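Here's the structure we're looking at; comments come further down.
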Amino acid sequence: MQVLVALAALSSLAAPVVGFSIPRGVPVSQSMIDVKLSSAGNSMVKATITNNGDRALNLLKFHTIMDSNPTRKVSIESQDGKEVQFTGMMPRYKNTDLKPTYFMSLPPKGTVEHSFDIAATHDLSRGGQFTLKAEGMVPIAEENSTNITGAAQYHSNELHMTIDGDQAASVKSAIGVAKRDGPFTRIDKRTKIDMQSCGNRQELQALTAALSASAKLSSMSAQAVGQNQQKYMEYFKDPKYAKTVQSRFQAVAKESSSTNNGGTTYFCSDVMGGCEEGVLAYTLPSRNQVYNCPIYYSELPPLTKECHAQDQATTTLHELTHNPAVQEPFCEDNGYGYERATALSAEKAVQNADSYALFANAVYVGC
């Protein structure tokens, strides 16, 4: 891994489509909300979300089709059946102390529209015909509440679009040029870190410690895959994927331990401007880059001893699984938090970033 440290002060600006952390035992509705996709221009998509119920709902926007961040809101296939490369961000959100601004209120039988340009987060420069669809789970709270009481699954219609490649290529990328107010210094050896290259010594120390802890947790987890079948089955469901899971943990351990030979670049600050409120860290898988956000340092402990909780070490581990340079295919955000992650099918779990972070936490804490 290559760690780059920005001299600039941290900037704070405002994923695949998945559910957030759902408390154990809460109901999941198959038909509470409806999502319909329609074309709104060359590469513009309009999602119409309808509350089919008879009571108002607060819908958590994180990791859903309503997310304001440039996450993967829809899956896109070209006319030859190949998945279109995603060029947006995969954020990890803080899953506690949810604020009212993280939610969207929807009255009974009410409808809200959310439009987004898929060319801002996908390479559509070839143009042609594309097929889009959206599916996922939206955590829900009662009206005027942020207490998650249930979840609503959704499966949209298939939308077929004919896109002009040149016009799509002219759309500005949602994650663009790094916002650098000063030069970067590459850290070639952790034992020889130039502390003057970082504007905040404490943050650099925290990141370095998190990488070290990520390496240790990943190594422990790789061993646990073969030694603790009960725990493995809790998270990954099928023993036929054990070698894949073990291999990914070993790859993350190697990447976390590397100083200048890894395939990823890890930034201790948000030079790309992707840290909206609630984002702990995020990955740009198309670039194999990871960025920490201010609350990664201010609101996460280095290494928690609480089951299913978030910390700096497992957040770093989580983000590294999103990078194709670590292991391909890279992990998605199929299920967020313990309840959703452990409810996934084996096929989804083995490609879910939080399943690896939560398993590592469970192995370390002894959950």
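Just so you know, glycine gets a Cβ as well, placed from its N, Cα and C.
Keep in mind the model is a prediction, meaning the values are calculated, not measured.
Under the heading active site, Swiss-Prot lists GLU319, citing sequence analysis as support. Every protein chain shown contributes to the tally, and the Cβ of GLU319 (active site) ends up with 30 other Cβ atoms within 10 Å.
Residues annotated as Zn(2+) binding site in Swiss-Prot, with sequence analysis given as evidence: HIS318, HIS322, ASP333. Sequence-distant neighbours of HIS318 (Zn(2+) binding site) (same chain, 6+ residues apart, CB-CB distance under 8 A): ARG92, ALA281, ALA353, ASP354, TYR356, ALA357.
Annotation source Swiss-Prot lists disulfide bond at CYS198-CYS268 (among others), citing similarity to another entry. DSSP assigns CYS268 (disulfide bond) to coil, not to a helix or a strand.
For CYS275-CYS293 (among others), the entry in Swiss-Prot reads disulfide bond.
Of all Cβ atoms in the protein chains displayed, 13 besides its own lie within 10 Å of the Cβ of CYS307 (disulfide bond). Look at CYS307 (disulfide bond): DSSP puts it in coil. As annotated by Swiss-Prot, disulfide bond applies to CYS307-CYS367 (among others).
The signal peptide annotation in Swiss-Prot covers 1-19.
CYS293 (disulfide bond) and GLU319 (active site) have their C-alpha atoms 12 Å apart, to the nearest angstrom. Here the disulfide-bonded residues are CYS268, CYS275, CYS293, CYS367; the one with the fewest Cβ atoms within 10 Å of its Cβ is CYS367. Residue pair CYS275 (disulfide bond) / HIS322 (Zn(2+) binding site) shows a Cα separation of 17 Å. HIS322 (Zn(2+) binding site) is surrounded by 25 other CB atoms, counting those within 10 A of its CB over all protein chains shown. When the recorded positions CYS268, CYS307, GLU319, CYS367 are compared by Cα distance to ASP333 (Zn(2+) binding site), the shortest distance belongs to GLU319.
Closest to CYS307 (disulfide bond) by Cα-Cα distance, out of the recorded positions CYS268, GLU319, HIS322, is GLU319. Here the Cα atom of HIS322 (Zn(2+) binding site) is found 25 Å from that of CYS367 (disulfide bond).
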